[in-house]
C-alpha cells in the first residue's frame, strides 16, 4: 500500500489544499499541513464523510470501488448489529488515538497479500471502535430524532458517518470526480485482490435490501443547496436499531455478570469437593497431605486488545479476537460451522484455549478438571437374569468382554462374546471378578398371577383329603385301591404293574377321599415325587412277607421331603410267611415309628385280597385328615396340578388335573406351564362327562394348546390374551435356559472326551402314551450306557408313531420304541420300505431287556485262549540255512498247523509265538494228535533245548454282555 501527501491528493482532485485540510478535519482526520501523509484509511474516512454530506446520487461509480468500500464498512455492520459486543465505549479522543496507532502499526510495507491482510485487520479493528462510538452517540441523540429534528451536518458526527453504508461521494464536477477516481485506482493496485473476500463478508441484511443507499448510483449534488444526510424514515430506523443495540448490550452485561458469579460458585464447590476427597483419602490411607490451594479465576480479558498486528497471522488472530470478545456467539447459542460453539463445547461455561500447533496439550480453565484415575476398584452390584450374553454381563460389570471370556476359559468354558450363559455360571463369573452378583427377578408377566391370587378372596370350606398310595413294586398298592373302589384295575394292567399315576375319588360313609396310585417300579421316581407333591396323606404299603425294599425307602424319603403325614398299611397278612412285627422293626430303623411304640405313625395290618381291616385303614386316613383341617375356597377360580398328560390322536392334548382350590368349569381359560387353552370337555375317572369339579377332585381335560409337563401348576385366568402372553414368555424362557445348559453340557463333554476313543452309540426314539412313561423309559435306558456303548435318546414324546418319527429314524439310523402306542398305516409302510425297526412294548421290563441285548451285540467281543495240546521236545536237530528243528512227542490233546505256542522251560514261559511248520516224517500235516511223534519249527525263534515243553493254544472270541 503506497501513501500520498495532502498536497499530492489535492493536486489530483484539483482542489485547494486548505479546503482539503478542512474536509479532512471535519471527517475526523487530523492533518495540519500539506506535507502530511495520507493513508488509505484516511481517504476512506473522507470518502464516507463526503458521501453523507452531499448525498448518494452519483452515476459514475466504479463497480470495483463500490465493492471495496461497501465490503469494508459491511464488516462494521456485522460486528455492530449481529454480534452486539459488550465492551467499554471509548471517547472520541481514544478513537482517534486507536486509528493513529493502527496507522503506525501498518507502516512496514510487505508484499501485496500481506498488506491486504494487515489492512483488513486494521480496518475491522477501527470499525469495531467506530461502531461503539456510533452506538453511544445515537443513544444520546434519541430524543432529538423523535422530535423530528433534522440530522446535523456530518462534520459534527464523524463516527456516525463511518458506521453507515454508502457509495463514494461525487464531487461537484463529474470531470474532477473521474480524474480523482482514476488517480486513486492507479495509486492502489494492491486493493483489488482483497475484493472477493470483502464481498463475501457482506451482511445478509444488506443483501436483502436493507442497505438501500448502496444499491442506487449517486447523482451530482448542487453545491449551493446543502442536502440532508438522511430522511426522517431512515433516521427512525436507525433510532430503532440503536435501541435494540442498547438492549442487547444490557442483556450481554447481565449474562457476563451471571457467568462470573457461576464461575465463582463452581470454584467454591470445586475446592470443597477436593478438600472432602482428600480428607476421605487421608483418613483411609493414614497419610496426611497438605491441601492444594484453590486456583484463582482468571481476570476478564479487556474488551478490545490493541496488539501489534502480525500480517502473516492477521486472519487467525482476528478470528480468535472476535471469538474471545464478549459473548457474540454464545448469546445466539451457536457458533462456528454446524452451529457448534467452541467456547461452550462441554457445559456452556468452560472455555478452552488451544495453543500452537499439533501436539500441544489442551490448556484448561480453572473451572475444569483433568481426569483422575480412581484410587480403588469400583465394586458393582450386578443383577443377573436367568440367561445373559457375555457382552451384556461385561457391560453390567463395566469391564471389557475379553476379561469375562478369560474368566470363563479358566473355568473350562469356551465361549464367544455373543454367547448366552446360564445364571449360575454368570454369578460365579461376577464373584470371580470381584463384584456382587444377585439373581434378577425377571420382568415377566407372571407377576400378574401373584397379584391376581392376592386379589381373589373367597370363603375356605372343608375339602376331601388327597391320599397317595406308595410302596415297592408288587406289594399290592393297586389291589388295595381296587378293593376300596370295588374295581379290578390290576387285571387290566400290563404285567400286573402300574405304569401311570391313577387318580380316583371314592365316597365312603364318612366322606369323600381322593386317591392317587403311583408306580412302584424304580424307573418311576419322578412320578412318585409328583404324587407326594400333590398329596395330603401318604399310605405306605409294605408286603408283610417281603419286608422293606428300595422303593419303600424311596417313598419314605419323598413323603418326608413333602412334609406329608404317613399311614402304613402292612399288606398280605393272610399269607403264611407274613411277619408284621418284622416290618415294624425295619421301618423303625428308617425313622417310621408305630404309634403303639410311642411314635406318630399309624400301622394297619390289612389284606387287599380278602378285604381285612380296609375300613380301619380308611378310618385312620380320615382321622389324619381331621387333624390337618383341610380347607379350600370353592367359589373362586380353580388352581390345580397336572398329574399326567398325553397326546391323543383323536382328541389332542389330554391332561389329568387334580383341582386343589376353587371350582373348575367347562369353558374356563386354563394356563398350565407353557400350554394354555379353553377347556372343551371334562371327564371324570370313570369316563363320564362333567361340567365342573371342586377341590380335591381329579378330572381329565381337553382343549389345551400343547401337552403340558406333568407336575406343572395350572390355574384359571379370565383373560385369554394374558394366558397366551404368559405361555409364550415361558416358552422363550425355558428355551433359552435349555440352550444355555445344553451348550454347557456340550463343552463339558468336549473336554471330558478329549483324547478318548469314540464310543459306539445306540440311537433310539421313544413314543409313549403318557409323559411319565417315556420319562421313566428314557431314564432307564440312559442308565444302561457304558464306556463303550452309549444310549442316545434322539427324541421322546407323547402320542402315536408318525411319519416324522420314521424320517428322523431314517436320517439318524435309530430304531423306534412304541410304549403302549402304535404306528399308523403310512408310518408302517414308510418304515417297511426304509427298513426302520419299530418295536412295541407294554411292559417296561421287556423294553429295557431288549435294549440291553442290542447294546451287548454292539460290544466288541472278548478274546480268550483255549489250550489245545501239550508237546515235549525230545531232540533238537540243527540244519544250516534253516534253523533248529524240534523232534517232539504230543503228550496231550492235539497240535495244529496254525496253533499259537508257548515255550516253557522249568515251568517258566520263555517265548510265545506261532509254528513255522509241522511235519510227520517228511510230510506236512495239519495236525498231530496225542501219542504221535512230529517235527516242528518255531517262527523266528531257534533257542530251543531238549526237555522244553510247548503249550499249544487257540485264540477264540467270546461275545460279551452288559
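Just so it is clear, glycine is given a Cβ too, placed from its N, Cα and C backbone atoms.
DSSP assigns residue 573 (GTP binding site) to coil in the three-state reduction, outside any helix or strand. What Swiss-Prot records for 471-478, 517-521, 571-574 is GTP binding site.
Annotation comment: Swiss-Prot describes 117-141 (among others) as compositional bias 'Basic and acidic residues'.
Residues annotated as compositional bias 'Basic and acidic residues' in Swiss-Prot: 173-216 (among others).
Helix first, then strand, then coil: DSSP counts for the compositional bias 'Basic and acidic residues' (235-269) stand at 35 helix, 0 strand, 0 coil. According to Swiss-Prot, the feature compositional bias 'Basic and acidic residues' maps to 235-269 (among others).
Here Swiss-Prot flags 314-327 (among others) as compositional bias 'Basic and acidic residues'.
Annotation source Swiss-Prot lists compositional bias 'Basic and acidic residues' at 338-354 (among others).
Sequence annotations record features per position, and here Swiss-Prot assigns domain 'tr-type G' to 462-631.
According to Swiss-Prot, the feature region 'Disordered' maps to 99-366.
Summarising the annotation, Swiss-Prot assigns region 'G1' to 471-478 and lists similarity to another entry as the type of evidence.
Swiss-Prot lists 496-500 with the feature region 'G2', giving similarity to another entry as the kind of evidence. Looking just at the region 'G2' (496-500), the mean pLDDT is 43.
The region 'G4' annotation in Swiss-Prot covers 571-574.
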Across the region 'G1' (471-478), DSSP labelling yields 2 helix, 1 strand, 5 coil
Please give me the CB contact count at 10 A for residue 471 (GTP binding site), counting all chains in the structure. 28
When a 10 Å sphere is centred on the Cβ of residue 573 (GTP binding site), how many other Cβ atoms does it contain? 19
Within 10 angstroms of the C-beta of residue 474 (GTP binding site), the count of other C-beta atoms across all shown chains comes to 17
